[in-house]
Ligand SMILES: *[C@@H]1O[C@H](CO)[C@@H](O)[C@H](O)[C@H]1NC(C)=O
Ligand SMILES: *[C@@H]1O[C@H](CO)[C@@H](O)[C@H](O)[C@H]1NC(C)=O
Ligand SMILES: *[C@@H]1O[C@H](CO)[C@@H](O)[C@H](O)[C@H]1NC(C)=O
């Protein structure tokens, strides 16, 4: 029996509250009769829990996964009258003693993954003030969903939220509030992001309605605007330079077909017309006709149109006058595009080409910047 008692002695100690004996006298006294499974104000009104956030970083904003990863300091404070003690100061309690206290069951509903940092110890802090106020701070990294509208990419603006809800306590038990309204969130102003800048942010209080009841909810809204400069330097300027470069080809003589084709994109042997760009240089007149750069194709098609019409015109009288008059009209219309001197095409293109580019650009930038 004695052996039995001795072997169970540590157990008895534990059950009789040996944990309390390690604590400071103040906390030991506080913990006497404290039931951590009961919320403060039990059987009375709801506990008011004030929240504030420090955004330490927003690391990855992913368009593919539609989420962002943020590291935040979450501070929650509430008043637990059972923890009041006489005096004027506060006590900071070891983070491991969190398990002895009642704490709110706050969670982030949109988070896909999250973790509490635990190097070198779990990054949490508990401070108890003499008036019973408890401050509970955590450092969390969470990947949080954010629905993005990418129709205006890369000149888009995304509004993301960070929501905090109570998991189990509904509005009868727990009420959330931001401790300092819009100023409860710090760190967003000084945040440096690779592609975005934080345009604005504000906080709001709402409630989450589920089948099981209404739960307190706090929301931080923040708007991110993508930095276009990055894209201008990376994408737009090279593309514009490429277009400007292709413009130069209108100044190159038509007889030097290889030079003209070199400037455009790589031309395969079998392009739309089925003609081959390399032509014997001994027949410069022919090369104009066969020349298969993109700029010449309009002229060529105009020529072939008229050829077709003249070819079919011989058959036209057999098929009634109604059709032939249509053919005549279309032939007249086509004759407008017949160019006596092919060099004129280049001359027109020199102005039409940049004008068209400018026009498309104006439409493009108007739509993306102002609509
Ligand atoms: C609390 O501290 C402040 C200054 O730190 C002092 O003025 C005040 O008298 C103290 N109150 C009590 C109840 O000790
Ligand atoms: C309790 O004390 C803290 C620190 O002095 C103070 O910030 C807080 O407002 C007090 N809370 C109440 C409910 O008096
Ligand atoms: C917070 O900011 C929003 C948007 O700017 C504003 O509508 C709201 O009134 C502000 N709230 C407070 C408490 O200042």
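Cβ coordinates are placed from backbone N, Cα and C, and glycine is handled just like the others.
Annotated in TrEMBL:
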- 306-316: compositional bias 'Basic and acidic residues' (COMPBIAS)
- 27-227: domain 'Neurotransmitter-gated ion-channel ligand-binding' (DOMAIN)
- 235-264: domain 'Neurotransmitter-gated ion-channel transmembrane' (DOMAIN)
- 274-324: region 'Disordered' (REGION)
- 1-21: signal peptide (SIGNAL)
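Across the range of the domain 'Neurotransmitter-gated ion-channel transmembrane' (235-264), the DSSP-based residue counts are 24 helix, 0 strand, 6 coil. Model confidence over the domain 'Neurotransmitter-gated ion-channel ligand-binding' (27-227) is summarised by a mean pLDDT of 93.
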